[in-house]
Each structure stands twice: as C-alpha cells, then as structure tokens.
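Asks: Dropping the structure in here first, questions after.
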C-alpha cells in the first residue's frame, strides 16, 4: 500500500494528461444549465389567458355569425317532387329513357347579391367509400400517353377491349342532372366556367386528353362526356372527381352572375336523370351567396361564442375563487412537509 | 516503475505459525482422477500440443459481446421483434402490400424500418463499446516462455493452455495458473482476490515442493510436466488435479492455483503454467450473463400498450361489424360501387370474407393508436439522458479521472424511484486505507485531530444549532434562567466545535504521510520522553513496531521505509511507529531490527529483537502476538487485539489503565474509528522454554486436532497481560460518504450495508457513516454456538434465530419513544438460516422496521439473495452498489446495479448498469438525474399516448362516415410524418431537457425525490387522465371540423371542401393541438424546446407547401392544397385557432386549478424561485431546506438531532432540579 504512493508520485504527469481527456467538457448544454424561461401559471397569468381567449373569441364568433347570417341560401329538395305521381318504381323510372324534365319554381325571399352559386346536394352518397375513392387513374387523366394505365379503375377500366377515358367508378357515376334557370321568362345564365380548382384544370386533367369509350359499357352510370372537349375543360367532371369527405355533400354546378331580388320567382327546368332512388338518396338544388367565410353555417360562430363565453366564465370563477381563498404564490406553508407535519 | 530494490530472499513461512504452515511430514497420495469431469490434460511448457483436438482448449481471449459481425443482423433483428408492438407493425407492413391495406406499403414500412434501424444502431453502438473493452483486456501483456529459457511479452489473448508464464508484482493473472515457484525461496506468493470475492486481505498461495527449483528463466528450457485435472467449473474454492513431473505424481489443491483476475501482491514474480484459459477460467465460468433489466415504468408501459391493443381490437371489431352491416344491407343499393362486380373485400354476397378482411384492414388502419415511435423515442431520449449523466462534470472524479458512466441507458428513470440502497462496504464506502489517528496510552488520550465523522457532525451541528435555539425557547420554563444555562451548554458545544474547526484548518499540509493522520505535539519529535508515563509510551511504540508480520521496503529515492503488510491496519501502525521514532527497518529469518530515536537530534540506535514465536491473527482469535527477546535478553510477549479479548486476559496489576482506556475506546468507537488494544507480558526464561516445548509439540503434531492444539497452547501464553493502551485507526471513508448517506437518508432512502468484513469492522464503519450511533438500539442476530453435529441441531439453531427475530420485533413494537432507532446487525452464518423460505419474511419484516441494517460476513451469493429478498419481499425498487467481483451477484440481482469505477477491478463495473467513481456521486445520480429522468420519461410516455389517441381516434370516427370502408381522411404522407417528424422532436426535447426544478434545488430539497418512489407521475390516475384528454381532443378535433366543413362553401368563391381539404385542416388542427399541449406540459423552455415545438408546427406548413408544389404525380390530392385552397380561406385559420384552443382548454384548467389549490412541492419551489423569494427571504429558504427531508433515523443529521434531544433532556432535568430546589 505504501509502495503504491511512491509509484503514484512518479507517474503524475502522463496520468494527469490521460485523465484530462476523459474529463467532460464544461458547457452549459452538457451540464443542463442552458438559460431557460420557466413560465409559471400565476393567477394573473391564468386569468389573463382566459380573458384574452374570450376577448379574441367573442368578436370572431360575432363576426362569423354575422357573416353566416348574411348568406342567403335557397335549398330545394326535388328527388320526390320530380317524379311523376303515377310512378311507383322510382328506380325503373329513373333508369328508363323517358323524358325526365321537371319544372320547379324557387322563391327568393331575400335579395341575393351576385355571384350566386348553384350547387347540387346529394345525401347518403358515399363518395368517400374506399372502393370508390380509389377507383380512378390520375395518370390517365393527366397524360394522354398513359391512356392504358387503368389498373386501379376496375371494374370500369375497359369496355369492348379498349381503355375507358376517364376510367373508374368516380367518372362513371358522374352526376347528370341539369338545371336551367329563368326569371320572368328571361333566362338566367349559369356560368359553368371556373367552378373547379385552377390547379386541377391545369395540372391534373390534361388539355390533350379527350374522353373516349366513355359510358359505352353495358351498364351506363351517369353523365356522358363530349368527346371533342378535352378533360381540362370538362369542369363538371373535374368538380365531381374531387371526392367529398362526407356522405352528404354539395358540389358546385355553376354561378349565376346576376343579383336576384327579393320576391323574384325563379323557374328551373330540371332534368332529373341521376339515380339516387336505389339508395334513398336525397337530391337538392341549392342557390347560395357567400360571405368572406364561405357559405351558410352558424356553427363556427356559435362555437366561438361558446368557447369565448366559457373562458370568460372561467376567468370570472378563478377571480372569485382567488378572492375567496387566496394563496400567496411561493408560500412555503403549502409545501408537503408543512401541510402534514410528520406524515411523510 | 521506480520500485525499490530486489528484496533479500526470505523464507516467509517462518513468519507463520499455523495458518499456512503445512507439515512437510505428511505425504498426500495423488488424487484418483477417474470418471467424467476430470478429463483435462495439460502438457506444461508444450502449448503446441494443445493446438489440435482432443487437447484443443479454448483460447485465452474473452468476449463479452452479444453479437459478432455475422450474427449481429439476424440476432439483433430477432431482439427487436420480441417486442409485441414491433411484431404488430411488421405484420401490418407485410399486409400493406396486399389490397386489404388502407395505406400504401411505403407508409407502413418506412416508419418501421426507421424505428427498428435506430434501435439496432443503438444496440450496435453498445456492443461495440463492450468489444473495445474486451480488446483492451485481451491486449494486456504478460511474459511468456518462448523457448530456450527466454521469456518475452505476449498479449493475453494468445496465451494457450500449457504456456509457462512469468507474472510480476501487481500484475493480474491472465489465466488460471498452476503456481510453480515464486521469488520467495519457499515458493509462496501473495494474491489479492478482491476482484473475485471482495476480500482485501492477501491470500497466501504455495507451490509444490517439487517445483520449487523452477525459479529462474533458464530452467524452463527443459521443463516438462503433465497436469491432469478437473474440467472447467465455476467453483472458485476447489480444485482437484495431479501434476506428473519427473516421473512422480503430485496432488494439486486450490492453494497452488492462481485464478485469473486476481493480482500478485508483495511478491516480485511468480512462474506458473496456464491450466484454464479464456472462458474456461473459473472467474469467467462464474460470470453470469447480465440479465436484461427493465424499469418499472417500462413494465407498466407494456400494460398501457396492452390496454391500447385491447382498444384497438375493440374499435376494429366495432368497425368491422359496422362494415358488415353496411355491406350486407346497403351496399347492394349503392350502384355507383358496381356491387355486381366487386372485389371480395367489399362483396355483399360474401359478408363473412369481407368482414374478416376488413378486420385486418381496420387493425392496420387504427394502428396509430399504438405509438410506433414510442419505443424509439424513448430509446433516443434515454441515450441522450445517459449522455448527460456521463457528461456531468459534478460526477467526474478528478483523482482517478473517471466520469460517471451510464452503461445501460434503459434504467435512467428507475434511478428516480429507488427505495432501498444495498451497499458494499470496502471500496465503496471506504477506500480501504487506514489512517492512524489517535491513541490512548497509559490512560491518556493522544491525538487531537478529529475523524471525518466528527468533522461532518460538527459542521452539521453548527448549522443546525441556530434553528434548535428557537425551538428550545418554547420550553415552558423561566426564560432568563433557561437562556443562561442553554448558553452554557452551547458554549461547551462551541468550544468543542472551535477545536474541531481549527484542527481542520491546518489539516491539509500534513496529509502528506499516507496512513498517518495523527497529530499531537506531546508525542511527536521525541517529546514523549517528557510525558509522565514515558516507560509505557516506550512499550507502546515498541509493540507497534515489533508486533506484526510486515516486510519493510526501502524507497531508494526518498530513503523512507514503506511497508508491505497483510492488512492496511498493520501498515498504518508501522507508519505510525516510524513517525514516532521507531522505524522498523529490517527483518531477517529470526530477528526484527528497529531504528529507535530518543531525541530530536536524529541520533538513531538500531535495536534487534529476536523473534522467538509468532502467534498469528485469525478472525477467531481476534488477536496476534509475538514473543521476542530484546538485546538485554529479556523475553516479552507483545500482543495486540480486539479490546474485549485483551481485557479478558489481563493480569491483576495490568488493569491500571483499564478504566481510562475503556472510556477512550468508547469515544473512539463513537467517532467511527477502528480500535485495537495493545498489551504485553514479560516472561522469564523457564516459563518460556516450558511453553515453547509445548508449542513445538503442537506444531509438529499430525492430525485433525493440530489446529486446536496450537490454539490452546497459544491461549495459554496469551494471559496475564499488562494493558498499555489502545490505538484508533480511521478506516478512511471515501470522500463525502457521510454527507451522501445523510442526504440520501433525507431523501427517504433506506440504506443497507452488506459486507464481507467482520462484525466489529462493520459496526465501526456503521458508526463512521452514521448508520449507527450511540443510543441506537443494536439488534445483533447471531447463530448460537454449538459443538455437536447432530442432525436436529439445525432445527435448534433455526428455532433459536427465529426466537431472536421474534423478540426483536416485539421490542420494536413495544417501543414508545418515537425517536428510538434500531439497527439490525446480522452475520453471514445466521443469514444462511434466515434466508431460507420459512424464515425470510420474518427477517425482512424485522429489517424493514429497523433504521439501518448491516449484514456482515456475507458471501457474494448471500448478497444477491438478500437483494432478491428485499426486491421481491418489499416490491420496491432496489439499488445495489459495489466495487468488487463479489458484488456482481448483487449488482445483477438488484433493479439497478451501480459499480464503483476507477478502481482496478472491472467486474463490478462490467456487470453494472451505472458506474460512478465514488459513492458520493450516488446522491447526484439519484436525486438529480434520477428525479429528472423519472419525471421526464413519465411525462413523455403519458404525452405519447395522448397524442396517438388524439390522432388515431379521428381516423376511427371518420370511418363511421365512410360506411366503415377503411378509407382514411389523411394523405399517407401526413400519417408517416405525424409520428416521425411532426410530433417526435418536441416530445424528445421534453424527455431530454425538461427540468421541474434546477439541480441545486433537487439537492437542497431531498424530499422532492419522494415523488419518484411514490410514483406520483405515472400512476393509473394520471395515465388514464392523459388518455381521457386524448379522447376528448380527438372528439373535439373531428366533430368540430366535420360540422364546420359540413356541406357549405368554405371559401368566398363558393368552393366546397373535399376530402383533401377536410383531412388537411383536421391534420393541421391535430399538429397545433398536440404541440400546444406539450408546450403546456413543459415547465422549462430553453431555445431548444422553443425551436422544436414551434418548429414542428412550422415544419408542417413548410412541408405542406413543398408537398403541394411537387408535381401532382406525387402529391395527388394534396397538390397546391395550401397555396391554392386553404391559405386564402379565412375559415381554415379560424378553425385552427378554435380547435387548438378548445383541445387544450381542459388541460389548462386542470393545471391552473391544481396549482392554485393543490400545489405540489415543485410548484411552490418554482414559484419561490420565480419570484426570487429565496434571495429576498433567505431565512425562510434555509428553514424550508432544513425541513425538506424525510424523517430519518440514520445519517449524522439524525445523530445531531439525537444529541440535541439528549442535551435538551439533560437541560430539562437540570431546570426541574433548579426549580424544585428552592421550593
């Protein structure tokens, strides 16, 4: 033992050098001493946070609600109205080749400022069904040379041995009711341009891709397409191909670019072609203006007001409770060893 | 090495009387080596014969790695897929190639590959570290016989069975060797087996007489021999074999075997033949595969995962049933799906098949409930936490140059939940270095320096006195009077403290002499001659210098003698004697030479003491004696031993100083010192020669009763002693041990000491570390001595022990005083009985009630058994800390094993989960890192489940709106990124950087540590709370968005939200909600957290923008979604704000509420720190610090408190007396 001390004395220098290499380098990071902000929830911070939320939320809620209330919406459900009274088998009727024109009148109860968006709304239509969503070929839609990439489109991939363009269930089931509007015998023009997303027109649907062999199989689905118009101009198709998230959905049909006045009666000549009768789906025609927030939906405003109000209530109750039962911050008497002495 | 000179050869065996002297008359027959298990044949000096079968034995290189280059991939992969979750994800990935899968294969395989790859990389890194360690060991050099008597260095790994090796002093043996000869003439050598069994006493090994002549390099030119022996086995203490040498057969026994990893000490060199190499060696056979340990939190996490699996299966079944119903009754009418021509998985005509395949789809689809990245994130976090532990400069030991080392990172959080610490003593609590500190000679106490224990206690007392002052003033007694007398008491105390403190002041310059901490001018520089009892002093010094078995060694550089002694105590005595002027300078066969100095003028007289007999120290005798004849011709017996033994053997007139010495001995014991009493006896010639005859007769006796005869004869002589004095040696505790124990005790940890040492030593150390103190009731459980060997004895002993246990329990139960503390002291022999199944719970119940538990004389196996008992019996987390190979079992058995690194033996460190250089670093490791890691991991896991539930359930809800068809509303890439990029870094930063309170506060408020053992942050209440929060968030996110984006236009231009818009908005809200949630969870924001949390949100937008800019070929429905569709729509932003605020509102209310009305300790401390109250009101801060500890009965704080209670009691008594006296 004593000898080792002698040995130690002789070998201090190299040992020290070796040691220093193992010494952890000091830095604030490695020692976990980085400067940090340590916010704590003081009563003032809590109450201010609640107040802040309510101050921000209530105005937004009011604004949203006003915006939503300003929107004028005419909804007309027509899937039963447009079936002649004597028809019992609605499905057979809709699948027949009879003339399914239907005249309806809409009443404008409130002035509607242009543009007025025309939508059709379907109910109970599962555009988001996995089989349906997948049944399309983006390559084919975009690129003329990819005409035959229809593997994802089954069973609407080929007809008569040739590829269908556009293939797949989505395109095949294209909505084919049409509407034309007139006011006091003066027709209202429905502008169907620009109803789809620009990016879709320009990048997803080819300018040189033309419908071919479409709706030529044994079972006809929905609308047919004009084979001389490229897909990028077939805006109804483009809108339809953007599948909806929910089984109840609207799709843009066109825009009426004239104001509609209060009391106006709008005549709609409606071609009721689309089969929603098999699955009891509703069909609605919707005319709606928009606000900065979009269409008519009070929910957002109500939600904002609710949360804002709740926060105000919380701010209030926290304030009251602080006054009733204040606790000084950092009061050591609340430490566990002071709260229940000996009861560790 | 500047080691002294080659020591004169000496027949050491003369120094020993009976312990290692083997009567040469007895000829043993060679062992009959037959049958299986004894097949090994070793051709000495012919290693080439061992190169082919059947004599091919394994090589000497060792490997502790789990994998090699070839096996790494399959083995590590297999390891990875032993996790249930990973198997699930693997299956999901396999199925993702089929049409059933709702996702593209890439989105399933990529995260899995990432996760598994990362875990495997970590595994590879850890294994490569082990490999480097192995290489280091394998490349150590040793001298090997090459040929023709020439020895040259070879690396350990190339040593083969049969090689002749020359091992030099202080080297480790590279393999199990047969000792042939040593630098001592009689072929003995000293071996330190600390690495094997933790014993610090040197062991003596002897070569065979027949090989004694093989003592220089040249003779090995022609040396040949054959060893036949047992096969490799893990038994350290047995060996059976024969050596065939020069046509004779000699039996071999364990005393000729030098075991790998033990160390040659006090012997210049030895020659040996390698018998067992590499993994055949006994120590390697002993090594068990270190069990893979998992922390409690991780085990609990499994249950959570199972819960989530159940939920997953449940919602999958629900959605499958929904799907079947929808498919059967509705799908046939959905003409747009072409139900007449449909794939099997949707076919309404085959609902059963469709349902089953949908179940698989659903299991994959809802897989986001199970956080795939959880394991890998936890792994990353733990590795980083471990790096911080390794990098902690405050756990770096300057002396040995070793930083702390977290060897396995998967137990970090377990460090925060430890309940019981089981500690080894030698090398862990103590440095195994003795300092001569005080002595009592002729009834006078010498030595003014205080022991570390006294110093530490004094320091604590000084800081506590202030507080106690105010407490005392509450006595319902006449104030003025009380104050006065208390002041008196205090003054006394302070005088004591002053002395202590001043002596501490000039402490450091004098530390130069190792083993000597004595300081008293009355004895130094020959001043002792002026003392009244100079004769006794002289005798005392002579006993110190003569009565030992050490060998002096002259250091030629300094001209100072150093000593090689069997035990460090003895070394300390010799150094002390040298410093007093009695320098032991030479030992011959029969004499001891002392340089005696009687005046300061350096005039030295050499005196010779003829060594007549030496009566050895054994743990049974507890004493050693020498009989010497001095130059005047008088014969003395000089004896040193345990006080109780010596006091029993004193002559009537030798008891002069008995009373004073006893008093001093008690004081020393209280100060934590090891004491020995010194005595002598003067013999006359006839008496001696009569006895010597007896002794010789006994010595040359043959047979079983030889030892007892020798003992009886020695006992006859060691009587009628005259007491001279007593020594007090400080078994130097490692730096900071008492403070550390004190702080750990205050953090609520229980500390058990398990030591291989004697009971007395253990108790002394117990005092030194304040695990024991005066006034503590010691319960010693021992085995009753019985001589008979009957079969029912065992039962009797057990009954007896059981009785002892019951009595002790009764005593504790009946104790009224709340401050009473008990200490349980038990020895290894008793433990063998108490650890048996029928008694162990009784023992454990008693031990748990005691403030401290000390187990002495325990074997390594018992250490492990005790650890297992505590672990399983109490169900709490145990931590074992030790430094030697004898602690390996316990280290592996405990929930956490900590090894002391920096010392030479590596076994403990290799088996450990954490390695620190000093015991005192344990405090920081547990109280700071453990506390942090526990909270970090707990919060992190809770948050993980929250975020995955919040995300995964939205997929489920959406299912219900798609006719349960398995369509996901999110783009595949969103889902990949969710776990891997968008939410992983914030949670990792939470797991790595979160600090509830800074490190110094953790140390100042040890009570905060109890949050871990009480598991406040990972109980089911909290976990379920977080899960509920996830459920709430998922509901809010989904239904708010679905209602807001229901059917109307979402932009001023009249566009309608399609699936991509709804999905992306929903996902945006999720990203915001979960990231805001984690920001609320954190209480410590460095720039890193800010960057990660807010950066994650920013990343989402950047990703969305870039993804939208890709050609639609890749981005599909997300093409231009942010730029064209979402960002111009105010409703998108307004919805995001609404949803993220609403999601976080309940949690925010919860934490505000909790902080306001039920604040936890760390909340208060955060507030104190926040308002800098600790600086403004320092009195409050110190007061709270002193209160912030668990009620404890050990540690010097408890000792000080006990003392103060005692003082108070005394004071009160005085008061009552003074009051009652006048009346």
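Note: Cβ is positioned from N, Cα and C throughout, glycine not excepted.
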Asks: If you check TrEMBL, which stretch out of B:910-929, B:1130-1149, B:1150-1169 is marked transmembrane segment?
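Replies: Matching range for transmembrane segment: B:1130-1149.
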Asks: Looking at B:890-907, B:944-961, B:998-1015, which stretch does TrEMBL describe as transmembrane segment?
Replies: B:944-961
Asks: Out of B:973-993, B:1183-1203, let me know the one TrEMBL marks transmembrane segment.
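Replies: Checked against TrEMBL: transmembrane segment maps to B:973-993.
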Asks: Could you tell me which of the ranges B:280-302, B:303-325, B:326-348 is annotated in TrEMBL as transmembrane segment?
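Replies: Of the candidate stretches, TrEMBL labels B:303-325 as transmembrane segment.
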Asks: I need to check the long-range neighbours of the transmembrane segment (B:1058-1079): which residues 6 or more away from its ends have a CB within less than 8 Å of a CB in the stretch?
Replies: 943, 946-947, 950-951, 954, 968-971, 974, 978, 982-983, 986-987, 990, 1029, 1033, 1037-1038, 1040-1042, 1045, 1050, 1085, 1089, 1093-1094, 1096-1097, 1100, 1104, 1117-1118, 1121-1122, 1125-1126, 1132, 1135-1136, 1139-1140, 1143-1144, 1147
Asks: Limited to the domain 'P-type ATPase N-terminal' (B:42-109), I'd like the whole-number average of pLDDT.
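Replies: PLDDT averaged over the stretch: 80.
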Asks: Using DSSP, tally how many residues of the domain 'P-type ATPase N-terminal' (B:42-109) sit in helix, strand and coil.
Replies: 34 helix, 3 strand, 31 coil
Asks: By a Cβ-Cβ criterion of under 8 Å, what residues six or more beyond either terminus of the transmembrane segment (B:944-961) are in contact with it?
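Replies: Same-chain residues near the transmembrane segment (B:944-961) but 6 or more away: 304, 308, 315, 319, 322, 362, 365-371, 374, 377, 967-970, 978-979, 983, 987, 1023, 1026-1027, 1029-1031, 1033-1035, 1037-1039, 1042, 1066, 1070, 1073-1074, 1077, 1143.
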Asks: At a 10 A cut-off on CB-CB distances, which of the binding-site residues B:426, B:886 has the highest count?
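Replies: Highest number of other Cβ atoms within 10 Å: B:886.
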Asks: Roughly how many Å lie between the Cα atoms of residue B:857 (ATP binding site) and residue B:424 (active site, 4-aspartylphosphate intermediate), rounded to a whole value?
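Replies: Between the Cα atoms of residue B:857 (ATP binding site) and residue B:424 (active site, 4-aspartylphosphate intermediate), the distance comes to 11 Å.
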Asks: Counting other Cβ atoms within 10 Å, pick out the least crowded of the binding-site residues B:674, B:857.
Replies: B:857
Asks: Cα of residue B:617 (ATP binding site) to Cα of residue B:887 (Mg(2+) binding site): how many Å, rounded?
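Replies: Checking the Cα atoms of residue B:617 (ATP binding site) and residue B:887 (Mg(2+) binding site) gives a distance of 26 Å.
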Asks: Counting Cβ pairs under 8 Å to the transmembrane segment (B:973-993), which of B:303-325, B:356-376, B:1091-1110 comes out on top?
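Replies: By Cβ pairs under 8 Å, B:1091-1110 leads among B:303-325, B:356-376, B:1091-1110.
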Asks: Go through B:303-325, B:1023-1046, B:1091-1110 and flag the stretch with the largest number of C-beta pairs under 8 Å relative to the transmembrane segment (B:356-376).
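Replies: Counting Cβ pairs under 8 Å, the winner is B:303-325.
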Asks: With a Cβ cut-off under 8 Å, give me the same-chain residues at least six positions beyond the ends of the transmembrane segment (B:303-325) that come close to it.
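Replies: For the transmembrane segment (B:303-325), the sequence-distant neighbours (Cβ-Cβ under 8 Å, at least 6 residues beyond its ends) are 84-85, 88, 351, 354-356, 358-359, 362-363, 366-367, 369-370, 941, 945, 949, 953, 956, 959-960, 963-966, 1023.
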Asks: Quick check for the class: what is the C-alpha distance, in angstrom and rounded, between residue B:883 (Mg(2+) binding site) and residue B:426 (ATP binding site)?
Replies: 8
Asks: What is the separation, in Å, between the Cα atoms of residue B:674 (ATP binding site) and residue B:887 (Mg(2+) binding site)?
Replies: 24
Asks: Roughly how many Å separate the Cα of residue B:886 (ATP binding site) from that of residue B:424 (active site, 4-aspartylphosphate intermediate), to the nearest whole number?
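Replies: It is 9 Å, counting Cα to Cα.
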Asks: Specify the secondary structure state of residue B:674 (ATP binding site) as given by DSSP, simplified to three classes.
Replies: strand
